[in-house]
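Below is one structure, written out as structure tokens; the observations come after it.
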């Protein structure tokens, strides 16, 4: 990336309202995405993350606000003038063109000379491990291969950023993991700004430099995966990202403790200086590298504890336990409406 | 065992011997009467004979030597091409609209556009005749073209909608993100993908117009008649084997026309 005036993507007070629908789909979102950053928009369906991406790509007009890329205001530009790469969930390859011609499409639109197009298409296909398949047609490829072609097609002309809308959503688990690693490798290799939309918190934690958590059209929190996991600022983030024990110890606030941070004690074994709460074991699941103990607290809230592999324990369903944790491992967030947990689950 | 499942499925699809004979029989019953006219058209006698007593090209000479027959053929071709072109433009636009837009009454609009396919021809003919009488379109080229366009539109809509069914609108957004303007996207992505549907729609619309007789009988004047009308008159008034030659020509032409979309489709399948 030779340009020296690259400054990433900035959105200011971006809002999208649809007529006749009370709540804005995207409500006053201001974000700074640094050049070369891997930013993920995470949220449940209908949270506004895809609408936000679509506005940056230019497919959806803004109701209010502005979007700048490398300092240039783009919210008034047609999508084909924005110089961004976009990858879609259903690949959206052109079925009547070979893989090579699909990848060449962006370069051809930019009027690059034929020799350069051929060279760069070959390089891009090489990068996604499909060098031998340039003459195939999309429908002769598997889903994972098609999405690799789509990735190559979207980065081959070195756009200012790569936007991906749930790109792994249509693939099975194994392929998803494989493509995740490939996307991470491409990001390191290209140093390009990547903007990734997903509802899968595990995917977001694995891939991102930073994550923006969306809920109901608003930004709940922006931070590194560690920030979101260890220091959630809202109950929604705590419950959407990872498992948590959410304890209402004081009125108006909720104490969040992650399952790895708690220890379980029968009777009075809890270490001094630790916070504690009592709970009933509802289930114990052995997962190989760890065991997961599901809990129900006194107020009916569900929680869980992760015990490392090999830890000897005698917790059985129905047993009363004391849950203990060090105060430095807790996060305190304001209490919000109680239906959040249900919305996350649905 | 994906392989064996495929094999079982394929076995299911091949026809048993009894069904095979039945298919041939039904095909024969459907096609044979049409094919009878072809040998008759090469007959030497001055009446219809099957099988013909002798062979000659007499009736083809009669056909191509007659100003009236040739004029009606020219009219039919002209009406057919114009009506098919108009029906294609309208039908493609309608198919896109019905596919993309979500609006109240979409189903009703679709039914309305498809109605000419379902309504009895005579009903349409009487209605068209009545309206065109007031608009002074009876016996005009424009009148024929407009009436046949209405008949052709459903065929175009159906065939274009079929090719839009496997069409992901995200492809247009993908093309835009890659730097293609609306026009370039239309040219490079949309049109190539719906081309087979558009072509077969055009051909069906042309064929429909070309052998349409009921409406044409109402709209015709001594100066302007299409080939099917001329054939009808000839069989009512003269009974002369020239009509067998004309029929043979129509059968051969429409068969070739209707094979075109098939061949196109097979070739595009091959490409993929």
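Glycine too: its Cβ is placed from the backbone N, Cα and C atoms.
Among the features that TrEMBL reports, domain 'ABC transmembrane type-1' is placed at B:73-261.
What TrEMBL records for B:21-42 (among others) is transmembrane segment.
Long-range Cβ contacts of the transmembrane segment (B:79-99) within its own chain (Cβ-Cβ under 8 Å, at least 6 residues beyond either end) map to 106, 109-110, 113, 141, 144-146, 148-157, 160-161, 164, 194, 198, 201-203, 205-207, 209-210, 226. Residues annotated as transmembrane segment in TrEMBL: B:79-99 (among others).
According to TrEMBL, the transmembrane segment annotation covers B:111-132 (among others).
Below 8 angstroms of C-beta separation, residues 75, 79-80, 82-84, 86-88, 90-92, 94-96, 98-99, 110, 113-117, 124, 128, 132, 137, 193-194, 196-198, 200-202, 204-206, 208-209, 212, 215-216, 219, 224, 226, 261 of the same chain, each at least six residues beyond the ends of the transmembrane segment (B:144-168), sit close to that stretch. Taken from TrEMBL, the feature transmembrane segment covers B:144-168 (among others).
Annotation source TrEMBL lists transmembrane segment at B:189-219 (among others).
The transmembrane segment annotation in TrEMBL covers B:239-260 (among others).
Here the transmembrane segment (B:111-132) has Cβ contacts under 8 Å with residues 94, 98, 138, 143, 147, 150-151, 153-155, 157-158, 212, 214-215, 217-219 of the same chain, all six or more residues outside its ends.
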